[in-house]
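Working notes, beginning with the structure itself.
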Amino acid sequence: MSLGRDRYSLPRTYKRVSHAKDKARPELRKFGWETLGYSESFNLPPFRDSIQRVDGNNLTVEEFRRDFERPRIPVIITGLTDNWAAKDKWTVERLSKKYRNQNFKCGEDDNGNSVRMKMKYYHDYMLNNKDDSPLYIFDSSFAERRKTKKLSEDYSVPKFFEDDLFHYADDKKRPPHRWFVMGPARSGTAIHIDPLGTSAWNSLLQGHKRWVLIPPIAPRDLVKPMAHEKGKHPDEGITWFQTVYKRVRSPSWPKEYAPIECRQGPGETMFVPSGWWHVVINEEYTIAVTHNYCSVENLHLVWPKTVKGRPKLSKHWVKRLTEQRPELLEIIKSASEIPLYDMNESSSDSSSSSSSSDDSSDESDCDDSGRCGGRKRKNDDRSNECPEKMSTTYFQNSLV
């Protein structure tokens, strides 16, 4: 940190924040976290909100599937959080009091270990930092820890996303799929595609988020910052908005890759279909919950990616689906007999800033701390097999 300890209200915040920063972003020890002065100079330009909004109270599950999920069209659904306890409980003041001594993940170190900070220190940091791209709570295990699992009781999965087929896999085997998300202005997520072909929903309880979504057919080298643009924050949402966003808004941007832009507000739930590029930045402090999921509508996309990226999981998963959802086997068979769908990603989101990720080679490499583009996990097995051949034969062998 470039400024002194007197910025914070708690005497230990400076030390705790410095420790977390050294672990999560050691490359910034010499360069500094405030060097670019974004807290004073960064402003999002005016834009036209182009996403469709629908009232969740007047939308049936079948209408959602027909109009949005099946054709893979992003949408904001309103009214889904109206009856959540989180609507009242998830304020900065209440969370910082109730969970003040609980640790939350705000990054990862170079070995892939979680970097955590107590809520009371993060709260102090969030309200008083001037970092260019601040630390961001993106915690995937909050519902599994005894002292924070009550957060999962404050909301319910909306009816449109309840049929998550990964539920049939053991909790210990399935990838991380839900995150408690909290962060200040300028934190966010670098451009990415969600892992394993999953779709996602993100319900915002506090603050505002700016989203840009780009169609799946857009090539990776077009939507990512160029090498000379990456600077000291190559995998941060704020870097994307300072570089690529200017091209996206220019008249020369290809019309077939036309983006959808929106400003998500409290009580709104974003639906991100499988394969869509998306980048998010917080305009102010925000609190949200987000889930990734597999449904009947995107199973044909998720299955081949799971076989390729998580073969052990896929073998376990297909056995469970055979036992409990046998009507889905035809979808899996069809998906196994065709080449993996191409998202134009040749190397496998949530930056010290939102989204999940995986080791699959055709998604952006994002960990569940919000950091994109960094380290990868090793595939669990058979990762060098031809994916097309593997999809067909692996399905057959999994049922033996």
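Glycine too: its Cβ is placed from the backbone N, Cα and C atoms.
Confidence across the domain 'JmjC' (146-310), taken as the mean pLDDT and rounded to a whole number, stands at 96. Annotated domain 'JmjC' per Swiss-Prot: 146-310, in sequence order, evidence recorded as sequence analysis.
Summarising the annotation, Swiss-Prot assigns substrate binding site to Thr189, Lys209 and lists similarity to another entry as the type of evidence.
The secondary structure of His278 (Fe cation binding site), as reduced to three states from DSSP, is extended strand. Per Swiss-Prot, Fe cation binding site is recorded for His192, Asp194, His278, and the stated evidence type is sequence analysis.
Per Swiss-Prot, 2-oxoglutarate binding site is recorded for Asn202, Thr290.
The region 'Disordered' annotation in Swiss-Prot covers 342-400.
Feature annotation from Swiss-Prot assigns compositional bias 'Low complexity' to 346-358.
Positions annotated as compositional bias 'Basic and acidic residues' by Swiss-Prot: 378-388.
The compositional bias 'Polar residues' annotation in Swiss-Prot covers 390-400.
Taking the Cα atom of each, His192 (Fe cation binding site) and Lys209 (substrate binding site) are about 16 angstrom apart. Lys209 (substrate binding site) and His278 (Fe cation binding site) have their C-alpha atoms 12 Å apart, to the nearest angstrom. Between the C-alpha atoms of Asn202 (2-oxoglutarate binding site) and His278 (Fe cation binding site), the distance comes to 12 Å. Rounded to the nearest whole angstrom, the C-alpha distance between His278 (Fe cation binding site) and Thr189 (substrate binding site) is 8. For the recorded site, Asp194 (Fe cation binding site), the DSSP three-state label reads coil.
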